[in-house]
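Here is what Swiss-Prot records for this protein:
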type	residues	note
BINDING	D21, H22, G23, K24, S25, T26, N139, K140, I141, D142	GTP binding site
DOMAIN	9-192	domain 'tr-type G'
Amino acid sequence: MALPPTEVHHIRNFCIIAHIDHGKSTLADRLLEITNTLDRSQMSSAQVLDDMDLERERGITIKSHAVQMKYRASDGLDYTLNLIDTPGHVDFSYEVSRSLAACEGALLVVDATQGVEAQTIANLYLALDAGLEIIPVINKIDLPSSDVEGVARQIIDLIGIKRDEILQVSAKAGIGVYELIEAIVKRVPAPSDNKHLPLRALIFDSVFDIYRGTVAYLRIVDGVLKKGDKVRFFANNKVFLADEIGTMSLKRQPSAVLEAGDVGYLICSIKDVKDAKVGDTVTLSDSPALEALAGYKEVKPMVFSGLYPVNSNEFEDLRESLEKLALNDASLIYTPETSVALGFGFRCGFLGLLHMEIIQERLEREYGVNIITTVPNVEYRVILTNGDVVIVDNPSKMPDTSRIGDVEEPYVSMQIITLSDYIGNIMKLGMERRGEYKNTDYLDSTRVNMHFEFPLAEIVFDFHDKLKSISKGYASMDYEYIDYRQSDLVKLDVLLNAEPVDALSIIVHRSKAYEWGRKLCTKLKGIIPKQMYEVAIQAAIGSRVISRETISAMRKNVLAKCYGGDISRKRKLLEKQKEGKKRMKQVGRVEIPQEAFLAILTIDE
């Protein structure tokens, strides 16, 4: 007789690791279909787990989703399979690490036409660090351009596995998916049976429900959680009542108890989004565990940018929208700030540029807030002449040059996987971006893994787009933070009629300051509309102007009525016009269009 699926040795918790577009979400759909969690008629949209419009549109998974499937294996026993879907993009590696901590196994999905990509390798190392059982899967084997054996050799070189342990599937056509599920049952270890220990549960994701408050998705690692228990969160020591607990099989299914090994959800009327920190440990308040689960780290934003509402009266709407977004996104950090040019807004910290774009799009789409974004920048460390250290995440906070001793900037270690034909192009791009070339490994006869060290500031802009264009889309990249290093950095200010515009300031390397200033002045000249008076656009480092462009004034032809006539009369009219323009210039403020703030993002185009 089949044992009830709640038995801990009949649970399999696993995730899927893959690069963008390698077919992860489609594979998840096939698993849901084969285990009868969903039938085809319910699949109104492909990629059931990617439930944000943005996720489907960009073909990426942003949030960690979890779903429970029941499966009767070939041994006649019933198993509970918990699939935790993970994002595959470089910016979301923290989401991946949290999802991995909730699993015992991982499917390493590689596209048969693309081979191993940089992000796959990065997430694979995270999975190996977490001690997960890896099941390699080659997907899209039915495509005419697939190279199954070549990709298999890459995987064997990467993790030293036997050829017959690599599975071959086509998620779209449903080929090999049954064998894959059987492999999950046989190869992924069951969770440890720790029911007798004090409760410890890991929160790997959370969403905000307008009726129920925060819903925390968790994996029970030790102990038992019952409905009505008083639970305590380690990060802030707050105590809540477990109003509802249960499991997720696409929709929430309430249950009375969750035991060690289970993946489920917890609702306990948490009003403040910050109380259910993703990565936190939940325990019982009456008989608490002594220490939290390891592996949780406060997420560190790498890229900072100012977000300002286009209409200043939408400031409160922007605040509310950011609060709601921050609930579903543990990695978004924001603090209020003011700008002379843009008014009230927020300085936000993001994991990377894709993360920043997604937050901006979600603010505009889901919450209807129109925003202006300032130039993205990184966090600098400024050592003053008196020995104090100041952290600068906004160019306007940069101290006066006379007080600065040294400036340090964050460096990252980057691996770029590409075809060997593009090595020259990538080396050139690396040199342009102040990169330090380390070495190159050959993955096979045509693909290489190049290692560089870059200042983070040089890659947060448009590095990924440039890399894709010079390699015709074949290169993929992954980076991780190393340390801070000393650099010759300066603050470049933009002045309009001698008035600095704080939102256009930027911190750049001294060697690039002149070129950057010249390009920016030229770009702004084409964007800022003509005024009734002359407008001087200047780029300056401290008090030294390094570049200038002038927008000439719109002028009425005051001599139109002087047919011929006395020169002194004409001169008098021109002098009068000049006086008027001068007065206008003193009181007038140059209206800066929104495109001017975006100009910096596309300075090279």
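Glycine too: its Cβ is placed from the backbone N, Cα and C atoms.
Since we're looking at a predicted model, the values are computed, not measured.
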In three-state DSSP terms, the structure that G23 (GTP binding site) belongs to: coil
Segment-level pLDDT (mean, integer) for the domain 'tr-type G' (9-192): 77
Coarse DSSP state, helix versus strand versus coil, of I141 (GTP binding site): coil
Among D21, S25, N139 [binding-site residues], residue with fewest other Cβ within 10 Å: D21
G23 (GTP binding site) CB neighbourhood, other CB atoms within 10 A: 23
Neighbour tally for I141 (GTP binding site), based on other Cβ positions within 10 Å of its Cβ: 21
